[in-house]
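Visitor: Below is the structure I would like to discuss, written out as structure tokens.
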């Protein structure tokens, strides 16, 4: 038996969330005294594949195909399921990324496996049960979930597991999966990347603006601060509803849930729906002119005052810190 | 076009979430239930696609009799008929099996549902049903355009979007921006009472996952306030105390 981890690449490169799932899966494999096999699909160089050895991959199955360079849900699910069977894997780990969210259930359905999606920690494993903590109620709670099936699929939330170095020299082998035309029903026509922006769900720092900024023309101070910090930008629901910012920046119960190391909320009062989406952030900073804003109750640090005066000063202080 | 919209009955977004019986049961006392907001987007899209007699909309809900007001709301908003699978929606796998069982062989061109329910946030049902019916699934769509038998769907990805071309039938999970929200008008509310709502019994599904216990996120300590006149102090605290920058 073994643990199988799917490592997602973006244009041939692995991001931090890919290393997180490898390191997480390795920790589980160690607990169970099993080997860790990683599977990569697309066009990834051997050097990139070898980098997975830093976090303990014993073996890497490489599916290198031009046809599979972009994400094709059904084909990917077929490949990973076939690999799991070959490797006799009983635990399959992947990232709860946008693609992972579509992929994990299809794999689980193929294998009649229980799925823990949005996992936020390592499983508690003992002879009789396998339990894992996952987010529920849009960040308002966690659910300790027991997987009772033989095969188990885990989709790990980005930024929920600290990397643990464990150097191995993985054996890289080509994996040939048996695919059919129906696995290729979807055709990716185009990928549009906003290259200048940091992706929100896996950002380590997020700078978020609310109605307190008064209008889209004032977003410069948010962007300047985000640039200084290497952070992603986000917003509250009223802001995206008003069309000041795109929907994909909306953080909260009906938007994206984030769990960065640092979440800076500027001019956001902190409605319960918004707080749900940010409650797993490690450190929360709130800047608001209203001392009664509910957001201060869940913040670690706060400044009561005018964002238009305060934020540029913070940006300068951060630039000074980075230069020193 | 024949569309199936899957709706789930969830606590209102303003609800405070609490649990009882040693944190094992979600406490529904005093909680208002609504159509899952993402499913409302799916329904609104279905209405836009079928307006002017261009098709029909069936809504399906897996739930006990208490969910009927939510189903009636969907009928009032614009669905033509509804099906309730008479069972507590135990988990995503259970719900997906019921939906797939119902939809199998009924020739729906399009199955729409919200990208996730705001209670258990599985984001699983679209992909599970897709797999069970052996049709393509797109779990988080930002835009859906349909011409005859082909859909062009924009899917969210990290740091951008992907534009996908796919032939119907498909199942799609809808996110914000897919459709202008629809709300029931008086005529809709009146007609909803007489629209057909069929109740069917569930099929058996083996248990693969169960929630053992819930947990409320730990509350943070008191906020450390920094004076507005010295914002650089905040940067220092984030650097030396919180160590996040």
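Including glycine, each Cβ sits where the backbone N, Cα and C put it.
Whatever TrEMBL says is automated annotation, not expert-curated.
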Visitor: Which candidate from A:261, A:288 does TrEMBL annotate alongside A:211, A:267, A:268, A:269, A:270, A:271, A:272, A:273, A:274 at the FAD binding site?
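Guide: Checking A:261, A:288 against TrEMBL: the FAD site match is A:288.
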Visitor: What binding-site residues from A:211, A:270, A:272 have a chain B Cβ less than 8 Å from their own Cβ?
Guide: A:272
Visitor: Give the number of CB atoms, excluding that of residue A:270 (FAD binding site) itself, located within 10 Å of its CB.
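Guide: Counting Cβ neighbours of residue A:270 (FAD binding site) within 10 Å gives 22.
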Visitor: Around the C-beta of residue A:272 (FAD binding site), how many further C-beta atoms are within 10 angstroms, looking at every protein chain?
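Guide: A count of 15.
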Visitor: Counting only residues 6+ apart in the same chain, whose Cβ is under 8 Å from the Cβ of residue A:211 (FAD binding site)?
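Guide: Counting only residues 6 or more apart in sequence, the Cβ neighbours of residue A:211 (FAD binding site) under 8 Å are A:236, A:238, A:239, A:267, A:268, A:269.
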Visitor: Which chain-mates of residue A:274 (FAD binding site) that are at least 6 residues away have a CB under 8 A from its CB, listed by sequence?
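Guide: Non-local contacts for residue A:274 (FAD binding site): A:236, A:237, A:251, A:252, A:253, A:268, A:295.
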Visitor: For residue A:268 (FAD binding site), what is the tally of other C-beta atoms lying within 10 angstroms of its C-beta?
Guide: 31
Visitor: What is the pLDDT of the domain 'Electron transfer flavoprotein alpha/beta-subunit N-terminal' (A:3-188) when averaged and given as a whole number?
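Guide: The answer is 95, the mean pLDDT of the model over that range.
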